[in-house]
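The annotation transmembrane segment is assigned in Swiss-Prot to 5-25, 54-74, 98-118, 120-140, 146-166, 178-200, 222-242, 258-278, 291-311, 316-336, 352-372, 380-400 on the grounds of sequence analysis.
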Amino acid sequence: MFRRLLIATVVGILAAFAVAGFRHAMLLLEWLFLNNDSGSLVNAATNLSPWRRLLTPALGGLAAGLLLMGWQKFTQQRPHAPTDYMEALQTDGQFDYAASLVKSLASLLVVTSGSAIGREGAMILLAALAASCFAQCFTPRQEWKLWIACGAAAGMAAAYRAPLAGSLFIAEVLFGTMMLASLGPVIISAVVALLVSNLINHSDALLYSVQLSVTVLARDYALIISTGVLAGLCGPLLLTLMNACHRGFVSLKLAPPWQLALGGLIVGLLSLFTPAVWGNGYSTVQSFLTAPPLLMIIAGIFLCKLFAVLASSGSGAPGGVFTPTLFIGLAIGMLYGRSLGLWFPDGEEITLLLGLTGMATLLAATTHAPIMSTLMICEMTGEYQLLPGLLIACVIASVISRTLHRDSIYRQHTAKHS
């Protein structure tokens, strides 16, 4: 057991450096090509001329597509093993390392060029790859899946600063691929990754800064639960839209570079209306949490961002949809809160409260992982007083969503690529 905990510590350290490496590569490319050193793609888009804002996501998608197609032609074959950590956990615990690194590089290109796709997916993949490489060198074959799981959880902890949620992500989303008794090493890896990541970044700040001064009353619990019901209905709709957009792009029968370029061009067109559509949504989430906008502004940005996410994910842009889902949930919750706020004197606090609830419940509705979703929002924002209400709402959202749409976003993703 001590040996496993020691290896889990090493995996956590490797994962933290993998995530930091991807993050610094992003910052370097943004500085080189976008003349942006703020770390915010929304700021980068705001400072670009309209024609560059239009074309940059398309060019990034084109470059990523050419890279993926070029690699496939160079090797004369499709990847001989999984290039996704979920698939690796559900098979024999092995990766096609070269193809996985090329996929991560393609993700780096689309993410830094403004596509509305999550960067954290590539970060978690790189963390799992580092763990897998170490495991194949120093551990027996029957443990490889465990260390990939530890790497994925550690990558999630480093990316989102949420070690408990990262550990439960493995237990809930990938349930059945590992014994719950193995959660000890997973948690150790996640916590170590967070601590090392904090040292690298010289900061232990929360991912999102929120000033929520409300005391949760019986009325607030009712509003939180009703938001869970709303998210439970919206989650399956979002999954259906993503699936439909993917089928729509596939039906065009374009070569991968042109398909990704088309997705990027749609993002570029939408960014002419608002630069907030660029990137994974982190900057926009933080700005909404700092100062919730008016109803019509939320609605406008929400629609543009939703179409951008659908275009990016539908075109096959390599990356995650975890953070974009957080923004969509925040916007749905805030739209609901703004509508209800017309009838309450503390409308601003209700809007913020239901925005946070929307983040957790839509995440639960799309992942079918209510405990992970609850802890994720609490760890990212530090608002632990919301935990009881969020847990109830997330369970309700997950049950409704699972009833209406059998597959979670991750099972849908795995089925699509199998």
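Glycine is no exception: its Cβ is also placed from the backbone N, Cα and C atoms.
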For the transmembrane segment (258-278), distant same-chain residues with Cβ under 8 A (at least six beyond the ends) = 41-42, 44-46, 50, 53-62, 64-65, 110, 113-116, 249, 252, 284, 300-301, 304-305, 307-308, 311-312, 314-317
Per the definition of 3+ C-beta pairs under 8 A with sequence separation of 6 or more, do the transmembrane segment (54-74) and the transmembrane segment (5-25) touch?
-> no
Which residues of the same chain, at least 6 past either end of the transmembrane segment (316-336), have a Cβ under 8 Å from a Cβ in it?
-> 61, 64, 68, 103-104, 106-107, 110-111, 115-122, 124, 226-227, 230-231, 234, 238, 242, 246, 249, 256, 259-260, 263-264, 280-282, 284-285, 288-289, 292, 295, 298-299, 301-302, 305-306, 309, 351-352, 354-363, 366, 409
